[in-house]
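What follows is a set of notes on a single structure, which appears directly below.
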Amino acid sequence: MGCTLSAEDKAAVERSKMIDRNLREDGEKAAREVKLLLLGAGESGKSTIVKQMKIIHEAGYSEEECKQYKAVVYSNTIQSIIAIIRAMGRLKIDFGDPTRADDARQLFVLAGAAEEGFMTADVAGVIKRLWKDSGVQACFNRSREYQLNDSAAYYLNDLDRIAQTSYIPTQQDVLRTRVKTTGIVETHFTFKDLHFKMFDVGGQRSERKKWIHCFEGVTAIIFCVALSDYDLVLAEDEEMNRMHESMKLFDSICNNKWFTDTSIILFLNKKDLFEEKIKRSPLTICYPEYAGSNTYEEAAAYIQCQFEDLNKRKDTKEIYTHFTCATDTKNVQFVFDAVTDVIIKNNLKDCGLF
């Protein structure tokens with residue numbers, strides 16, 4: 001009896017091959033779809049990472065889009081100098097030049113126009129004189145004792161440029177803007193043949209209840225921590241150290257049953273600010289048991305260990321840690337490249353293709 005297949009058997013074999021092929025194609029397609037969740041406490045740099053994705057993986061911000069950030073730049077600048085002046089009263093710091101008190105009064109009167117996207121020569125002059133004052137600088141140097149935008153010095157030192165009538169914010173100016181994220185911001189881009197959907201979720205406590213429905217089918221979590229927060233308290237709870245809050249949040253995410261099979265990538269962010277701050281503000285403010293030196297390398301490594309030690313599944317779950325500066329495009333590009341390689345490897349493994 002011969003081994004020739006009947007027409008029916010041949011059709012069944014072809015069908016089987018087609019099903020296998022379709023399954024493989026579906027597997028490869030699934031391996032190319034990446035859902036990234038950006039988590040972390042408020043002001044840890046999540047939204048800046050999203051802006052960097054637009055700069056790196058899309059065409060960046062058009063001139064028209066940059067113009068729309070002008071009002072935000074002015075608002076951030078005004079709010080920064082106002083925060084410093086208000087703190088001077090609380091910290092009992094006097095102006096170096098007593099006549100600056102008149103400028104401060106004038107600033108409060110003129111602030112509204114600049115908040116709406118106009119920076120008159122009068123407002124710019126007032127801010128410039130105040131920023132140069134020795135008392136204002138002394139208060140700025142004590143900014144850990146009150147809430148101040150990270151980009152305060154960036155904008156205030158560049159007032160001549162941003163106060164020009166022809167001013168259009170640069171990509172870097174846009175990266176530095178601070179607007180509290182409310183709700184969920186979704187970004188799509190393609191990189192290394194992967195289709196990314198990135199979700200940026202508000203970090204303040206009031207925003208966290210909105211995270212839960214993003215959890216389904218997440219490929220990886222990027223958890224952002226601001227290294228420079230080690231000596232600060234929360235804007236929404238002045239009793240709580242920001243780093244301790246971040247650790248508490250990371251513990252709940254890292255060991256959550258939802259994320260047993262999810263890659264967790266830890267971005268220890270604002271390394272530039274941390275490197276400056278650690279020279280004058282000891283790590284023992286946050287970790288009283290810390291016995292190392294207040295050098296960037298040693299203090300940063302200690303913080304890394306504090307977070308990685310929270311992982312209760314060390315045998316089966318790896319935390320991929322990177323030190324980042326979210327406002328530095330080259331640094332974010334380099335780190336995201338490494339992150340993508342990890343995602344590709346883990347994705348292929350999950351789809352049985354590795």
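The backbone N, Cα and C atoms fix where each Cβ goes, and this holds for glycine too.
As given in Swiss-Prot:
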BINDING   43-48, 150-151, 175-178, 200-204, 269-272, ALA326  GTP binding site
BINDING   SER47, THR181  Mg(2+) binding site
DOMAIN    32-354  domain 'G-alpha'
LIPID     GLY2  N-myristoyl glycine
LIPID     CYS3  S-palmitoyl cysteine
REGION    35-48  region 'G1 motif'
REGION    173-181  region 'G2 motif'
REGION    196-205  region 'G3 motif'
REGION    265-272  region 'G4 motif'
REGION    324-329  region 'G5 motif'
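Counting residues 6+ beyond its ends, the region 'G4 motif' (265-272) has Cβ neighbours under 8 Å at 40, 44-45, 49, 150, 220-229, 250, 296, 300, 303-304, 307-308, 319-328, 335, 339, 342 in the same chain. Within 10 Å of the C-beta atom of ALA326 (GTP binding site) sit 26 other C-beta atoms, taking all shown protein chains into account. Most Cβ neighbours within 10 Å, among the binding-site residues SER47, THR181: SER47 holds that distinction in the structure as shown. In the predicted model, the region 'G4 motif' (265-272) has a mean pLDDT of 97. Cα separation, GLU43 (GTP binding site) to THR181 (Mg(2+) binding site), rounded: 9 Å.
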